[in-house]
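Undergrad: Here it is, the structure in full.
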Amino acid sequence: MKGTFLICLILIAGFSFKSTQAGSICLEPKVVGPCTAYFRRFYFDSETGKCTVFIYGGCEGNGNNFETLRACRAICRA
């Protein structure tokens with residue numbers, strides 16, 4: 001019984017951490033980067049509460065940079 005409780009507690013803590021981490025990624029600003037590639041990406045715009053398309057240059061980005069609209073919406077719950 002004690003072991004089951006401990007496993008449940010660890011799982012809950014892990015999911016909470018992942019949710020908090022994803023939430024902080026979604027609050028990061030859009031970063032185009034200094035490079036000159038042309039990648040169509042999506043970021044979560046915290047002001048509008050929506051995932052929006054932008055052009056990523058290919059380097060020095062951050063976590064708020066998703067290859068698909070679906071991925072952006074799944075992580076940021078938009």
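Each residue, glycine too, has its Cβ placed from N, Cα and C.
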Undergrad: Mind checking which of CYS26, CYS35 has the disulfide with CYS76 in Swiss-Prot?
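TA: That would be CYS26, the partner Swiss-Prot lists for CYS76.
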Undergrad: Which of CYS51, CYS59 is the other half of the disulfide bond that Swiss-Prot records for CYS72?
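TA: Out of the candidates CYS51, CYS59, the one Swiss-Prot links to CYS72 is CYS51.
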Undergrad: Run through GLY23, GLU60, ARG70, CYS76 for me and report the recorded positions whose CA is within 10 Å of the CA of CYS51 (disulfide bond), in sequence order.
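TA: Matched recorded positions: ARG70, CYS76, sequence order.
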Undergrad: For GLU60 (site 'May bind to TRPV1 subunit B'), which of the listed recorded positions (CYS26, CYS35, VAL53, CYS76) have their CA atom within 10 A of its CA?
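TA: Of everything listed, what lies within 10 Å of GLU60 (site 'May bind to TRPV1 subunit B') (Cα to Cα) is CYS35.
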Undergrad: Out of these disulfide-bonded residues, CYS35, CYS51, CYS72, CYS76, which one has the fewest other C-beta atoms within 10 Å of its own C-beta?
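TA: Each of the disulfide-bonded residues CYS35, CYS51, CYS72, CYS76 was scored; lowest Cβ tally within 10 Å is CYS35.
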Undergrad: Which residues, sitting 6 or more apart from GLY23 (site 'May bind to TRPV1 subunit B') on the same chain, put a CB under 8 Å from its CB?
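TA: When sequence neighbours closer than 6 are ignored, GLY23 (site 'May bind to TRPV1 subunit B') has CYS76 within Cβ distance under 8 Å.
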